[in-house]
Structures are given as C-alpha cells and as structure tokens.
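Peer 1: As annotated in Swiss-Prot:
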BINDING   Tyr34, Tyr171, Gln175  L-tyrosine binding site
BINDING   Lys234  ATP binding site
DOMAIN    353-422  domain 'S4 RNA-binding'
MOTIF     39-48  motif ''HIGH' region'
MOTIF     231-235  motif ''KMSKS' region'
Amino acid sequence: MSVIQDLQSRDLIAQTTDIEALDALLNEQKIALYCGFDPTADSLHIGHLLPVLALRRFQQAGHTPIALVGGATGMIGDPSFKAAERSLNSAETVAGWVESIRNQLTPFLSFEGGNAAIMANNADWFGKMNCLDFLRDIGKHFSVNAMLNKESVKQRIDRDGAGISFTEFAYSLLQGYDFAELNKRYGAVLEIGGSDQWGNITAGIDLTRRLNQKQVFGLTLPLVTKSDGTKFGKTEGGAVWLNAKKTSPYQFYQFWLKVADADVYKFLKYFTFLSIEEIDAVEAKDQASGSKPEAQRILAEEMTRLIHGEEALAAAQRISESLFAEDQSSLTESDFEQLALDGLPAFEVSDGINVVEALVKTGLASSNKEARGFVNSKAVLLNGKPAEANNPNHAAERPDDACLLTDEHKRFGKYTILRRGKRNHALLVWK
C-alpha cells in the first residue's frame, strides 16, 4: 500500500493538487516534503498532531520530511480563518517558542539514515531579505485580486469591525516563498498542512512554479471534528498540550479515554499507527462484546505512549486506577505533582483543618451540615481510606474537630486525596 493509499484509507486527505500525478511520483521515487509550524505558543497542542504524524507516515514510507518552524512567519501570525487580528509577540518570545517547538518535533522523526529528517527555520532566509527584495522578487508574482478572493480573507473583510491589516494580508506571500525556498534548498516537492492552509499552500505552488519552474504539490489534512459538534482538542481547562508541564500525561491519557464511541474508531485511524485491519478488528470485537468498548483504552494507551513514552503511560494508568482504589500507596510524588497540575481540583490547606471544613472548602459539600452527613454515612475517604474520628480530645465547642486532618494523612508531607462518593475528588495541597 502506498502512502497516499494509506492516507486515503484513514480518511486523512481533505484536498490535493493532482493526486494521480502525486501518487505516481511517490511510487516512482522518494521525495522531500514539508510542513510548517508557526510558534504561536511555547508548546504544540493536539491540534498539531495530524500534520506532525503525517510527516512521520511519509518518513516511514521512505520519504524525507522537513519540519519548518516559522521563526519569521511566527512574528506575524497566520490570519487564515481567524476572527480577529493576532497579537504580535516580541522577537525574544518567538525565538524561545521556536526552540521549544523544535525540541517537541524532534522525537517524532528520525534524523538518521538515508531519509533523515531536516529541521528548518524560515528566519534563516527572511532574516536576510530586505523590503525592496521582498516586493520586487516575491510581491510582483501575487495578484491582489486573487488574494482578496480567498475565503479566509473575504471572511475577515466582510466581518463588521474586523478587517485585516496589510501585515496579515501579506502572510500568504511569506508562506508561499517558504515552499519556493525549500524546493530550491532541499528539493521539496510537496507541502502538507491543515485544511485551513489550502489557500497558502496553493499560493506557494504557484510561486514555486514561477520562480523555480518546477511542478510541486499540495495536500491538506481534514479538520478534526467531534460527532457532537464541539471543538476537538479542547477541555474545560483549555487546550490539550503536548508539553507534559502544561498538560500532564495523566490528563492527556484521560482526554483520549473520554473520547465518544461515535468518534473513537475514526480517531484510531487518524492518530495511531495501528493498521486499518487492526482497527477494524477492534471495532468488530467491541460490537460483538455488548459491553464497554476497548477502543478508548487502546487509543489512550497508543497516544500517551507515542507522545510521552512508556513510563508516563504507566504513571497515567497507575493514577487512574489508584484514584478509585482503597490502597493508594503505589502513587509516587511525581504522580501527585501531575494531579496538582491538572489532574484534580487542587486546594491549598493549612494544619488544623478538619474533614468537614475540607469538604466545604473544596466544594464537595455545600454546607457544614451536608458535609457532616457525608462523613457520618462513611461516604468520605482520605487517600482511599474512610474518614474516621481521630481526635477524642477536641474542644466541645468544635465537634467537627473529632475528625481532624493530621500528618498521617499527608502523602510526601504535602498531599491528601479527598474523595466523596465514587467519583468526586479533590486534592489538598498542604502549605
């Protein structure tokens, strides 16, 4: 199966230029292809995964991937289908983000062998280009009429109070020149990107033909949508980042575990390297079992292992199991740090707090009266163990102090998992 056929079988092709000619070229020879990543934050998020993984799929098929980090274009920001002007970031900020994203992209690709991946930065050529060169050598090849007719530009112009600055309007010229430059430097003949990049990609194809007299191709990947119409890649806490310090491996694992049944088999095709036959077998087994599908667990394991590694996957599984177990002794200090980052609602507490106060502080009870009822009915657990009276000498005027949180409840001297009922948790972080 060719790489194009594999992408088609996974429904990973939104648009291409001359797919038959591209497929024939890929079957005849190994090519260089690229995808650009603008540094708009200090980390990639799961919305970047499709193009990153597509580069990897092409490399596994023997082609040479080029990961282009937009040190120059990131100074402007792509306006494609954005409702308003992007905020401009300082050169120092963008440079720091460039380095972070380069480091994140590196593990996905192999930089050894005959088709070793290439890491490029468009600041290397735009940093040496002056304004007159840009207008003479690049600008003259672009029709303003054609640029105004691009859907992404028309949407901004037609939106009341929005408009588009010349800075953002010129973005497609910069991205278009990237293709021509990478074609000249490395022989790149294919640009891939998200479906919102189609206009920028075709601009690059046209410019490369004019400047280099070469036929090149474009391929876009689909916009990832969820069956319920909500945006993929967002949680109540915001974006799901690939950086473990911004989204913990545990939360990352949980994100995939919570994928809807209607989406999970599509996402297995989109994001994993399991074969179509393996995915079809998982779906058939799930349908035949009549019980909880296995697909979400497989997806969560595959993605967490791919992004964070085997050790992080084991930690995510350990945390997931321990939160609902009586014995939480297997949790490590690092596990608690993940929970404090984004795994559980976390609350700072001080010595002397009792369980009733902790329940109200964390929102696990709406009042002291309700909290006492939970405690008396044995519905409250501390680190997996039922909360019990442990302070017989409490003051008569403070009856709730009969169940006091003490040092014995502190894991690693700092953390206590408070649980009410089966699924309601909070993390107490001791000052």
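Here, residue 1 is simply the first one shown, and the rest follow in order.
Cβ from N, Cα, C; glycine included.
Describe the structural surroundings of these features, if you would.
Peer 2: Long-range Cβ contacts of Gln175 (L-tyrosine binding site) within its own chain (separation 6+, distance under 8 Å): Gly36, Thr73, Asp78, Gln197, Asn200, Ile201, Ala203, Gly204.
Sequence-distant contacts (6 or more apart, same chain, Cβ under 8 Å) of Lys234 (ATP binding site) comprise Val240.
Residue counts for the domain 'S4 RNA-binding' (353-422) under DSSP, helix first, then strand, then coil, are 23 helix, 14 strand, 33 coil.
Sequence-distant contacts of the motif ''HIGH' region' (39-48) (same chain, at least 6 residues past either end, Cβ-Cβ under 8 Å): 69-71, 74, 77, 86, 94, 96-98, 100-101, 104-105, 224, 232-233, 239-243, 246, 255.
Same-chain residues lying 6 or more positions outside the motif ''KMSKS' region' (231-235) and placing a CB less than 8 Å from one of its CB atoms are 45-47, 224-225, 251, 255.
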Peer 1: With an 8 Å cut-off on Cβ-Cβ distance and a minimum sequence separation of at least 6, pull the same-chain contacts of Tyr34 (L-tyrosine binding site), or say none.
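Peer 2: Counting only residues 6 or more apart in sequence, the Cβ neighbours of Tyr34 (L-tyrosine binding site) under 8 Å are Pro65, Ile66, Ala67, Leu68, Ala120, Asp178, Phe179, Leu182, Tyr186, Ala188, Leu190, Glu191, Ile192.
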Peer 1: When the motif ''KMSKS' region' (231-235) is classified with DSSP, how many of its residues are helical, how many are strand and how many are coil?
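Peer 2: Split into helix, strand and coil, the motif ''KMSKS' region' (231-235) gives 0 helix, 3 strand, 2 coil.
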Peer 1: On the 0 to 100 scale, where does the mean pLDDT of the motif ''HIGH' region' (39-48) fall?
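Peer 2: When the pLDDT values over the motif ''HIGH' region' (39-48) are averaged, the result is 94.
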Peer 1: Please list, for the motif ''HIGH' region' (39-48), how many residues fall into helix, strand and coil according to DSSP.
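Peer 2: The motif ''HIGH' region' (39-48) comes out at 3 helix, 1 strand, 6 coil.
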Peer 1: Given the L-tyrosine binding site residues Tyr34, Tyr171, Gln175 in the record, what is the largest Cα to Cα distance, rounded to whole Å?
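Peer 2: Between the most distant Cα atoms of the L-tyrosine site, 18 Å.
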